[in-house]
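Trainee: Got a structure for you, written out below as structure tokens; questions coming shortly.
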Amino acid sequence: SDVARLRHIVINSLYSNREIFLRELISNANDALEKLRITALTDKHVWDGVQPLNITIKGVKNVDGPGGRLIVSDTGIGMTQDELRNNLGTLAKSGTSEFLSKAESESSSSAKGNLIGRFGLGFYSSFLVADQVYVSSVAAKSDTQYVFSSSADEGSFEIYPDPRGNTLGRGTEITLVLKDDALEYLDNVVLAKLVAKHSGFSSSFPIYQFTQKTEDIPIEEPIAAEAVPEINEDDKDDDSAVVEEMAEEKDEEIKPPKTKSVLVDTWNHLNAAPPIWQRDPKEVDYHEYRLFYQNTFKDFKDPLAWHHFSGASDDGISFKGIVYLPSSLDQSYWNNPLMSISRDIRLMVKRVFITSDLGEDAMPKWASWIKVVIDAEDLPLNVSRETLQSTKFLKQLKQVILRHLIQLIGRLAEEEPEKFSELQKNFGSVLKLGAVEDKKNSNKLALLARFATNQRNSTSFNQYLENKKEGQKQIFYVADAGKSVEELKTSVFVEKLDARGYEVLLLNQPVDEMLIQGLKQWKKVPFQDVAKSGLKFGDEESDPEADNPALTEKFKPLLTWMKGQATHVVRDVVISNRLVSSPCAIVADFGGYTANVERLISQQNSDDGNEYLRTFAKKQKLLEVNPRSPLIEGLLRRIEELPDKDEGRDLEAEEELKEVVAILIDGALVRSGYDVTDSNEFYTRVERVLRRSLGVSETAKADTRVKPAPPIDPSSSLESEEDEETGTKGPHFNIPSTLKDKVSITMEEIDDEPDVVHDEL
């Protein structure tokens, strides 16, 4: 084959992001160190166990102009002349795979090290950023240093003895002569970020980066001898004064030392944080988990909790990982939670970072905020190691993470109530959203959800059922998104339930309604919205007031008369069994919308063709009146006192009653959470009632005189606008002077047809 063309394809077609070249070189260096360590177990001559094993990275800028070199070195097993030719001069020749096969064939249990290489192509990623690459290497049992040299545009290479002699002692040094568009990789900050992203945990050997920093050091100056003043015999009594004077003079002469700036060479340890997921959880303390979380995810708040686990997939792929619960949820999540994307799932293979994008197998939206590290022993990677081939493991990975996340939250609920309470403050709505979105884990997440009630601040569905009254066949709830718990406690719909000692869930978040509608029931006990008709307590058989025909007959005139006044609002007017002190309330009938559902639907701005059904459902309301309310009893008396048609109608009394009933209905709408049909008319009625109560004439009008606006500003006319550059007024075109003789403009006036009215140049 055409070697040059084949190598060009390998270099430029396998990798979508050239920054991974450093990951590949570090992985190769790690393998060289691992090979040396494994070989030394049976051959002490290759390494005495004293000389340090490490990887170094050094950027060198050209002194005489732009450009520079990046040098990656290791103190590993090195390569002979033949190994340089075979391993680097041959495409897809993996020295690591060959070494591992040989070690496994010898059945050496100690040969199982952290060997990363697999394809024999990682070295060629160097040419993504380098025009020329030099590889100097000294094998462990050799003193001769050889150089492998090749350029990005050539299909050939050279191997020759290094004219510098043995400068390495043992190991390999790769020098990349960087391309003009790759000089960013001389920046120490860029290099450190790349190591942290891709290779921060891939090697158990230390990775050092060469840096230089400026430090100020004092300049040492010779100390001059000081003259000691003579003291006369006559002045002996003034010794103390002289000593004090000398001390004062010394203080005045003390000056800060002179300094000079010098460059200091340092080697920074880039992979100091250990891969703690590889260790036994019993051996990792709280501070290590906390520091690892902060370093890895750049969240400098302490995590709320974590779960360290290991396991194996159905494919037999073993893995280890840590699931972290952050202490708070980023506010940006709630801007559009259904569009949130997982960004903190760090999937690794043999401690080398592969991806945070799991594609179609990503976390569900409700769990996109979770922070996880998963390290698999082996996965079928593409050659570039940038993408994963589709496997069952990826499909199982999401469920593995979700299972451990739910287990972690469940453990907090049982063992650490304070942390669980903190979690509910920050993530309570997210758990409910998960119960709505994630059908497979819906019941598990709903079990972890907590709700306020009229009797306690927090309860679960299971705890509610434990408190259920004898004969109670429903889970009572009232929902009004945006209201406070205290407001819901005083809801008109909760009056009788609360008075009788029934517990009612108080739902004040939009997701609550969706959760209840999705679940329908909990442990075969249905949910009952107390803002809807058909409320049953469960003891109606022993309640003499329940379904009392005599009571309905007594209030029939009132019900009939009020129904005639409320046909535009409700379908019917009935006697209520849920009110205690309130005179009336408006509830949703079967198939109708409660006020909360009505608002949620209106916020969706949905145009799905079901507008007719929604309009019908909005009208399915009932006006329930409280027969024990003095106001309702008084209204009944006034209606019964109205003369019939034969006696002559009292129009004034009827109008007054209509106004009272209208205010009563509008008040019931507002208190029940609905909007009044005509807010202007509602406040006009209220104003009339207030005027009568204050003795103000209903016909008295306010002084409506107001100061008129100033006249039109003449400077705002388009005709008077003047172009600052040309001095031209009104609409105009600016034509460069060089084109004035070459351009003509034709303007045509047209009518609505459009037909030309006339032409004008």
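All positions are counted from 1 along the displayed chain.
Positions of Cβ are set from backbone N, Cα and C atoms, glycine also.
Annotations per TrEMBL:
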| type | residues | note |
| --- | --- | --- |
| BINDING | GLU24, ASN28, ASP74, MET79, ASN87, LYS93, SER94, GLY95, THR172, ARG385 | ATP binding site |
| REGION | 700-741 | region 'Disordered' |
Trainee: Within its own chain, what residues at least 6 apart in sequence put their Cβ under 8 Å from the Cβ of ASP74 (ATP binding site), listed in sequence order?
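Mentor: When sequence neighbours closer than 6 are ignored, ASP74 (ATP binding site) has ALA29, ASN30, ALA32, LEU33, ASN54, ILE55, THR56, GLY171, THR172, PHE205 within Cβ distance under 8 Å.
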Trainee: Ranking the binding-site residues ASN87, THR172 by other Cβ atoms within 10 Å, which is at the bottom?
Mentor: ASN87
Trainee: Taking only same-chain residues 6+ apart in sequence, whose CB is under 8 Å from that of GLU24 (ATP binding site), what do you get?
Mentor: GLY122, PHE123, SER125, SER126
